[in-house]
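Sequence annotations record features per position, and here TrEMBL assigns domain 'Nucleoside diphosphate kinase-like' to 2-136. The ATP binding site annotation in TrEMBL covers 10, 58, 86, 92, 104, 114. The annotation active site, pros-phosphohistidine intermediate is assigned in TrEMBL to 117.
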Ligand code: RTP
Ligand code: MG
């Protein structure tokens, strides 16, 4: 069954010129692009997106980071798209968790600056797609 998931190339990924690399990996995996936009996240959008982390030690820094420069928001679709993109991304910590061959494992060094976001469940994907692409 086809799924949709929300992907962000975070500001560090845009700054480092890795947008094409990320999209290329998505396409080579066989997933399709359903929406794509270069944009900035305002505070309210970032707070909504990361609401589950409110109150955690890294939350304020995370909001500063995500609102700190342009990012690329995408909706991608395909069979098991949610898990498939999480597999492409690798674990949250680019060194401790992500393995080589994944986006974070190949290009990341620090847990905050881990280049990409991918929705973690069907419910998260639906919620996040509404935040970033309300008309989709
Ligand atoms: P994401 O939501 O961005 O796809 O990442 P994730 O599911 O792999 O990780 P999550 O636990 O949801 O954390 C969200 C983002 O917060 C930053 N973070 N910093 N300093 C820290 O200890 C820390 N922990 C998490 C990362 O940018 C992480 O992707
Ligand atoms: Mg997450």
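These residue numbers are counts, starting from 1, taken along the chain as shown.
Glycine too: its Cβ is placed from the backbone N, Cα and C atoms.
Quick caveat, the model's predicted, so the values are computed rather than measured.
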Please count the residues of the domain 'Nucleoside diphosphate kinase-like' (2-136) that DSSP assigns to helix (H, G, I), strand (E, B) and coil. 59 helix, 30 strand, 46 coil
As a check: which entries in 10, 58, 92, the binding-site residues, place their Cβ less than 6 Å from an atom of ligand 1? 58, 92
For the residue listed as 'active site, pros-phosphohistidine intermediate', which residues in the same chain are close in space, meaning a Cβ under 8 Å from its Cβ, but six or more apart along the sequence? 6, 7, 8, 10, 89
When neighbour density is defined as the number of other C-beta atoms within 10 angstroms of a residue's C-beta, which of the binding-site residues 10, 86, 104 has the lowest density? 86
Taking all protein chains shown into account, the Cβ-based neighbour count within 10 Å for residue 92 (ATP binding site) is 13
Test of understanding: give the count of other CB atoms lying within 10 angstroms of the CB of residue 58 (ATP binding site). 12
Those residues of the chain, 6+ apart, with a Cβ under 8 Å from that of residue 114 (ATP binding site): 10, 12, 89, 92, 93, 94, 98, 104, 108
